[in-house]
Every structure is written in C-alpha cells, then in structure tokens.
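In what follows, a single structure is set out as structure tokens and then discussed.
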Amino acid sequence: MPSTARIALNRPLRRLFDYIVPEGVTLTPGQRVKIPFGRQQAVGLVVETEVAPPEGISLKPVQSVLEKWSALPSETFQLLSWASDYYQHPLGECLFTALPPALRRGRPALEKSEDWWQACGNGAILPATAHKQKKLWDWVSQYDQGIKGSEIVKAGFTRAQLKALHDKDLLKPATTPGISSQSQLYRAEVTAPTLSPAQTEAACQLPSPDDGFNASLLYGITGSGKTEIYLHYLKKNLTADGQALVLVPEINLTPQTVARFKRYFGERILVWHSALNDSERLNVWLKVRNGEPIILIGTRSAVLLPFKALKTLIVDEEHDSSYKQGEGFRYSGRDVAVYRAHLNQCPIILGSATPSLESYHNALNGKYRLIRLEERAGAALPPSISLLDIRSRPLEGGLSRPALQALQQTLDKGNQALVFVNRRGFAPVMMCFDCGHMVECPRCDTRLTYHRRDRAMRCHHCDYQTAATETCPKCKSQAFKPVGQGTEQTEDILAANFPTTPIVRVDRDSTQRKGSIQTILQQVNTGEPCILVGTQMLAKGHDFPNVTLVVVINADGGLFSVDFRAPEQLIQTLLQVSGRAGRGTKTGKVLVQTCHSDHPLLKALCHGRYLSMADQLLAEREAGLFPPFRAMAIFRAEADTMEQSLQILDSIKRLANAPGIEVWGPLPALIARRADRHRAQLILNTDRRKHLNSLLSRICQTLEQQRIPKGAKWMIDVDPQETG
Ligand SMILES: Nc1ncnc2c1ncn2[C@@H]1O[C@H](COP(=O)(O)OP(=O)(O)OP(=O)(O)O)[C@@H](O)[C@H]1O
Ligand SMILES: [Zn+2]
C-alpha cells in the first residue's frame, strides 16, 4: 500500500492536505514538494509522513520533490508549529514565512550569483552616436576585476546598454570574486574593544553557551555600551562553526550598528531585512540553512529562518513594538526568539535601556536574569531631563521661547541639537476658523494631515490624499489654517530662526528613498553644528556624539490614552529620545515641553530611573488585571457595516463563554472606520494562559466553518500590542 503524506500550503486555511507518496520516494517534514491543487499546481511543505489515508477519498500523488533535503530542519519546524498554535495562525502560512519568496514560488534552492562584467575589446570602435555605450565601456574598464551588473545599473546605465556592449563583444561576463563559504575567511579584522569596569561586570554575568537555555535581560541605560557588550560576548563565546542571530527593530535606521559589527566580524556578518531583493534573500537563506558560521543581523522575521547551527540569540531594543507583526501572522519576534533559544538550549540576551514590562516582569519573577548597567560608557554622563511648562506660553512651530534659546546656546557652543516631534507632515489637521470645519478622510474616521511640501492633505491610515486648498472647502472662507505641529512646520520655524544652521529632517517622508537615511545622517556625522528634527525614527539607537540638547515638542500625547500600554510606550519613547543627548564627552540636556508638568509620570521621567517607573507601571497593570499579569487576546472584525462586524464578534463572544475567561466588548475600534471598513473588537482576558490557548483553538476552528457576510473578515491577535 502506498504511503500518505500530509502537506501544508501557503494559504490561510486551518487544515492540511493528504497526498500519496510516489513509490521509491521518502519524505521528511519540512521538505518542499510540488502537488496538484484544484486545477493548479502548488508548492507544499511536508508536515507528516506515514499518515493513515482518509477512507473513501481517492488521493492524488505528490507530483515532484523539489529537493532531497528538508527546507525546515526539525528545530525550525517545531518552532513554527509552536508559533502557529500559540498565535492561532494557520500552520501553512506560518511554515511558509520561513522561506524566501523565491522558494515559496517553487524556484530551485540554488544560490543566485550576481552577474559580473569586465570590459574587453576596444571601445574606440564604437560610433560617435553611441556615446552612452562608450561611456559605459570606459566606466567598466576602470574595474580590472570586473563589476556587478547591479552596480552598473546603480551608476545610471541601463541593462539594454549593457546587453548592446555584450553583443558587440565589448563586455564579457566576469568570474565572481564573491564570498567564499569557508569559515577561515571569517576572521575578525579588529580586536574587541576594552570594556569599562561597569561593562565588564555586566558582561561577566552573561551566561556561558554551555549553560544551555538561559535568558538574560540586559538593562543598560542609553549610551551604556550594550552593543559593545554584544560584540564582546560573541567574540568570546561564539565558536568558529556557530551561528548567531542579532535581532534589531529596524536596520535601515541604524546603519551604524551593522557597520560596528562588520568592523569586528567582517564577512561573517550578514543582514536580513525588508529592503533585500529576492535573490539576496535566497542567498542569505541558503547560508543560514546550510549552517554556515554567520552572524545574522536581522529584523523580526529573521527569527523564523531555518538556522542549522544557532548558538546564540541577541534581541536589541527588546521593548520595541516593531517586533510584533501587526497583520497576518501576528507573532512577536522577541517572544519567538526566547522560545527558540529554549528549544535550542542556547543563551539569549534581551537588551534595552527601557525594557518592556513583560520582560522586566519575567526578570523580577526569576525567569530571566536581570543584569544592570547604569553607567554610560566612556566619559559620558546621563543627560539631565527637565520639564518645560508651556501652558499660556506663545509657541512658534510648537517651540517655546526657552526652547529656542536653549537651541541657540547649543549651536553657539558648536554642538548639535535634536527636536522631537510626534507627527510627520506640516500639521495634523486643517481647520476653518470661520465655520469650524476640519478636513476629514472620506474613507476613515480620521482627519487629514497637511503636507505642505507636496501641497497635499493625506490620510495616515489609508492611502487617500487630495490637493491642499487655501480656502475652506465648506464655506470658502480664507480663514483656513493648519492646527497643531508636524515635522515640516517645526523644520520651517527652525530654518527661520537659525538661518545659517543646517536643519536635518528625519521622518518617513524624508527617508522614503532606500538608503537615504545614511545620506541624511552624513550631515550629522560630520559633527558640525546642526539641528535634527524628526519623529520616533530619531529615538532609535542612534549614536550622535555631538548632540547635547534634545527638545521634546509635546510629551502629552500618550498621557491620557485609553490603551493600557500607552504610558509604558510614552516613557520608553521619551527616555530613548532623551538618550540621544550627551553621548560623547559633553553633558546632555533634555527639555520636555508639556501642559501637564505635575503629571506623576512626567515628574518621574526627570529622575530618569526607568526601573522604578516600570515598578510603578507594573503595579498599575496588576491592579487593572492587565498583561503581563494576565494573558490577553483580541478578536477583531471588519466588514462593510459596523453591524456585521459586531455580529461576528457577538457570535465569538458566545463561543468564548467559559469559566475564568473575561470577555470585554464587542466595541467599535478606536478608529471605527478605516479605508471604508467598519472595525470592531472583542477582548479576552484571563489568568489561565493554557486554558485560553485551547479555547482560542476551538473558537478559530469553529469560526472557519461558519459563514460570515461577504467581504467581512475576522482576525485573532494573541498578546496584542495595540488594543485601541
Ligand atoms: N568601553 C568603552 N569605552 C569607550 N567608549 C565606549 C565603550 N563602550 C561603548 N563606547 C561608546 O559609547 C557609545 C554608546 O555605546 P552603544 O551605542 O553601544 O550604547 P547602547 O547601550 O547600545 O546605547 P542605546 O541603548 O542608547 O542605543 C558609542 O559611541 C560607543 O562606541
Ligand atoms: Zn483614510
């Protein structure tokens, strides 16, 4: 009797499919196969072999086996199966996230080498009319060893010109000097730095790789030199044949970090992030899967890759909310990393100056080892933080007089300053001062942000945009004006006040081009006086030694939010952005503008003691029965009408009726209508995590069988980051 295999597909279906295994073929879990599916062909991943075939159904055979080896070795397979169950996301889609796009599409798992070109022949034979081709030939001729096709394109030539010269035998493919996979090549170029006594003390408390699974929370204040500790740790503990994974929130924002790692580990460093193209992804994936001794610096999804010899995990800025995927497979990269270390029996270091309450709680209850590093590295001292009451003070572009004066003094001393604004664009809303009309998004329950540079009004929640007008669209009054601050406006005011100083704006709009943050930051890296103005992007991990002043335009946004995580996120952002001040030899100063200068949270911020604020916040979470003291999951629904969304959630509420499970809602979401979809949510909260997991599984299975109105959708989010 032929054997049967159970196969997962890359579809949002909570079920697997059985196929006959052809004679003479043996399959292992995680292996890629091609199978007939409906009238099409699909790529599948083997989940189980030797299963009992269902009775009375004739099965189709597996069509072909894509490679002999398993794309997902057993540890990765186990990890993804666990994550599928924990986050209640269909197994097939979870497994496929661990494959690069090329392999999801069924392409061969072969390294795609870059094309390299060398000049040959005599370029002088080209006719004068072909001056572009001549220029290309001259340009390539400079490179004796040849140059990559992608570099040629980057230099402004086209693939067509390249081909034309190839056809004329003036360019020929060159052999790649490429990276050899030999581990001897992975030799460090520089020796590890000497750690300060405080760093050494912290480093000594980190586990040895022989200790097996061991999670440490490295609480090191901003600028305390955590990165240096990671480098030192890897240098000392990672064996020549071992792989390591360093998770970071966003690579493109902090090219410095990668550069620092490369300085010590050279070619051994590879990166994984969303800006890689398909062949770059495939190449990195193959090295990871083949067990090459790499150190991978990657964003969230790197934690799902099929490492073969993973020996150490590091999660930098572990508090960062971008570790949680916001759609589809809603996993937390940090939490999956901890589970992975556990599966793998290897150490993991979670580092942050502002640890998440979850991790800090785990440290307090002994699950993680808490390592404290409360001194800045080198000669730097922590910055002094003070509140600036802006009630009844005139503001210019959001800046008060004292703040402008402080900026002037900073520049006078030859230093740099950073101004933190919470919103990109020019102003969060346009309002008519005659009729009170505010321009709203026609598709969302939000207002349109005014972007003066592009003369547009844009919705930050959908892709709607419209041309900005000078008169009120409703009553045609001229008294139609921007209200509130965005980065563009602050940039203008700064430029007007400091006409000879470069103003460097950093936000999603200014950095949209790939790699442009590097270019933008070059100005800052010169160390010459300048003012940086920007959003959260500036709060993340940057090391600008000459920034001595940080001004926070308005700290009040998160103070009164309904989201239970808002206070935590507010102090994290404020401390992180404050931490950009005074990292070099000069002391830093932080001015936080607020209308609530007697708010306990902001007062505590001035002492800068994060852990005591965290203790306070944890006490509030415990009293309010919130995570990390409880387990939480949210069902969300969206549909063409609010009624439909609420109906779906009502039926979930009935299914969720179980002892020990508290159910809140259903209620419309904070932004109830987004891109013309009506959204609502239902929160489940309990102190029985295991119980919640099995309940959720049952609910999801049932829901999948149920018919819901056309166009409606439900989603489940376990350990949600956002509850609004
Ligand atoms: N032992 C040391 N001696 C001298 N300088 C050091 C030492 N360790 C780190 N530094 C320097 O101190 C600065 C801050 O270090 P690093 O960026 O590693 O801090 P961090 O803890 O990661 O900060 P943050 O959390 O704020 O991003 C860097 O410029 C780094 O080169
Ligand atoms: Zn919108």
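Cβ from N, Cα, C; glycine included.
Taken verbatim from TrEMBL:
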- 207-373: domain 'Helicase ATP-binding' (DOMAIN)
- Cys432, Cys435, Cys472, Cys475: Zn(2+) 1 binding site (BINDING)
- Cys441, Cys444, Cys459, Cys462: Zn(2+) 2 binding site (BINDING)
- 467-626: domain 'Helicase C-terminal' (DOMAIN)
Cβ-centroid neighbourhood (8 Å) of the Zn(2+) 2 site, Cys441, Cys444, Cys459, Cys462 excluded: Pro442, Arg443, Thr446, Leu448, His460, His461, Tyr464, Arg674, Ala675
Residue pair Cys432 (Zn(2+) 1 binding site), Cys441 (Zn(2+) 2 binding site) - Cα distance, angstrom, rounded: 16
Candidate nearest Cys435 (Zn(2+) 1 binding site) in space, where candidates are the binding-site residues Cys441, Cys444, Cys459, Cys462 and distance is Cα-Cα: Cys441
Fewest other Cβ within 10 angstroms of its own Cβ, chosen from the binding-site residues Cys441, Cys472, Cys475: Cys475
Set of same-chain residues at least 6 away whose C-beta sits under 8 angstroms from Cys459 (Zn(2+) 2 binding site): Cys441, Arg443, Cys444, Thr446, Leu448, Thr449, Gln465
DSSP three-state assignment (helix, strand or coil) for Cys475 (Zn(2+) 1 binding site): coil
Rounded Cα-Cα span from Cys472 (Zn(2+) 1 binding site) to Cys462 (Zn(2+) 2 binding site), Å: 23
Binding-site residues: Cys432, Cys435, Cys444, Cys462 - member with fewest neighbouring CB atoms within 10 Å: Cys435
Of Cys441, Cys444, Cys459, Cys462, Cys472, Cys475, binding-site residues neighbouring ligand 2, Cβ under 6 A: Cys441, Cys444, Cys459, Cys462
For the domain 'Helicase ATP-binding' (207-373), the mean pLDDT of the predicted model: 93
Conformational class of Cys432 (Zn(2+) 1 binding site) under the three-state DSSP mapping: strand
